[in-house]
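Participant: I am attaching a structure below and will ask some questions about it afterwards.
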Amino acid sequence: MPAVTFTVLKRDRSTGARLGRLTTPHGTIETPVFMPVGTQATVKTMTPEEVAGLGAEIILANTYHLYLRPGADIIREAGGLHRFMHWERPILTDSGGFQVFSLADLREISDEGVTFRSHLDGSIHFLGPAESMAVQEALGSDIAMAFDECVAYPASPEEVAAGVERTSRWAEACLRAHRREDQAVFGIIQGGTIPELRRRSAREITALDFPGYGIGGLSVGEPKELMYSILEELQGYLPENKPRYLMGVGSPDCLIEGVKRGVDMFDCVLPTRIARNGTVMTTYGKLVVRNAAYARDFRPLDPECDCYTCRNYTRAYIRHLLKAEEILGLRLTTIHNLHFLIKLMQRLRQAIAEGRLEEVAADFYERYNSGKI
């Protein structure tokens with residue numbers, strides 16, 4: 001029996017949106033879904049129980065960071081990532097490829113993998129398809145991602161083509177190396193913003209018959225409209241019966257537009273990162289609660305939100321906490337932002353089920369862009 005199964009429950013008539021169900025060894029996920037990011041085996045400032053209490057059905061953890069610290073062997077000895085961090089629901093791990101190419105001091109890229117210098121202590125490491133699979137098997141995630149080359153944006157067509165070729169070879173190597181039967185491996189489609197190379201990558205990666213597919217190399221600085229056009233381009237090249245995961249995307253508008261274009265899964269550090277900087281998402285747009293304008297504002301962050309933060313605390317109090325550098329301020333803004341996106345995905349799922357996605361999306365945009373904060 002496969003480690004994961006995916007069922008499309010309903011398709012939207014006017015868009016490419018799908019309502020689905022993804023079953024994993026640690027539970028079932030209703031899609032489309034947003035996955036909070038727990039880079040270091042923790043969603044920053046929150047306990048796993050709190051994250052689950054918000055309705056998060058799956059989280060993401062980072063292979064690169066956990067490989068460097070505390071090390072895959074320690075997590076294996078602990079019984080895997082679920083036991084190590086006390087999270088009983090599904091976990092997806094990325095391959096480490098994006099961080100190797102973006103964070104680490106690259107030493108050498110070869111067909112076998114990447115030699116790099118750790119951003120923590122300068123030590124030299126090698127990570128390739130086999131190594132990435134070994135680390136992710138030790139972590140014991142429900143879904144592992146194939147090791148890929150994420151080419152920076154902008155890049156020349158030659159650089160993007162080389163990345164597509166290497167990503168395809170590495171995808172095959174990942175399948176050869178992977179052994180764990182209770183863990184699925186998703187392939188990753190690259191190709192930058194060049195439609196021809198996206199189509200080529202999609203053909204080559206889907207030919208390997210992974211149980212799911214990540215769409216990588218987007219949301220890296222390209223205009224949003226360009227990302228949307230690439231998603232539209234890919235719809236006809238991805239299997240209808242397998243989940244589609246848009247990597248690193250988490251703003252409300254991108255979630256809605258991704259769902260319309262057939263995406264089932266999303267992850268991003270955005271909601272938690274901007275929360276720690278004092279920015280929150282509300283029904284009527286983004287609110288920078290650190291600003292002096294809110295020093296005497298005794299309303300909740302979002303009067304229409306029912307999260308723990310908005311039920312109990314005011315903008316003035318949260319601003320005070322942030323200015324005083326109190327940890328509670330970071331926790332309260334994080335709770336709110338994650339609640340906001342998880343509730344948004346719940347509304348989108350309900351809208352697909354009821355055949356009202358376009359209507360619900362239009363209503364969201366009208367209010368979110370109104371500026372009535």
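Yeah, the Cβs are placed from backbone N, Cα and C, and that goes for glycine too.
Note that the structure is predicted; figures quoted are calculated from it, not measured.
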Participant: Quick one: which of G53, G55, G217, G221 does Swiss-Prot put in the substrate site with D94, S95, G96, G97, F98, D148, Q190?
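Facilitator: Answer per Swiss-Prot: G217.
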Participant: Of the candidates H320, H336, which does Swiss-Prot annotate as part of the Zn(2+) site that also includes C305, C307, C310?
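Facilitator: The candidate from H320, H336 that Swiss-Prot ties to Zn(2+) along with C305, C307, C310 is H336.
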Participant: Region 'RNA binding' per Swiss-Prot: which of the ranges 67-71, 212-216, 272-276, 277-281 is that?
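Facilitator: Region 'RNA binding', as annotated by Swiss-Prot, spans 272-276.
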Participant: Please find, within the list 164-170, 199-205, 248-254, 353-359, the residue stretch that Swiss-Prot describes as region 'RNA binding'.
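Facilitator: Based on what Swiss-Prot states, region 'RNA binding' spans 248-254.
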Participant: Which residues of the same chain, at least 6 past either end of the region 'RNA binding' (248-254), have a Cβ under 8 Å from a Cβ in it?
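Facilitator: Same-chain residues near the region 'RNA binding' (248-254) but 6 or more away: 34, 98, 216, 218-220, 224, 227, 266-271, 281, 340-341, 344, 364-365, 368.
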Participant: Need the DSSP three-state call for D267 (active site, nucleophile) to compare against my parser.
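Facilitator: Strand, per DSSP.
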Participant: Taking 10 A as the limit, how many CB atoms besides its own sit near the CB of G217 (substrate binding site)?
Facilitator: 32
Participant: How many Å lie between the Cα of D94 (active site, proton acceptor) and the Cα of C307 (Zn(2+) binding site)?
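Facilitator: Counting only the Cα atoms, the answer is 29 Å.
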Participant: What mean pLDDT score does the region 'RNA binding' (248-254) have in the model?
Facilitator: 98
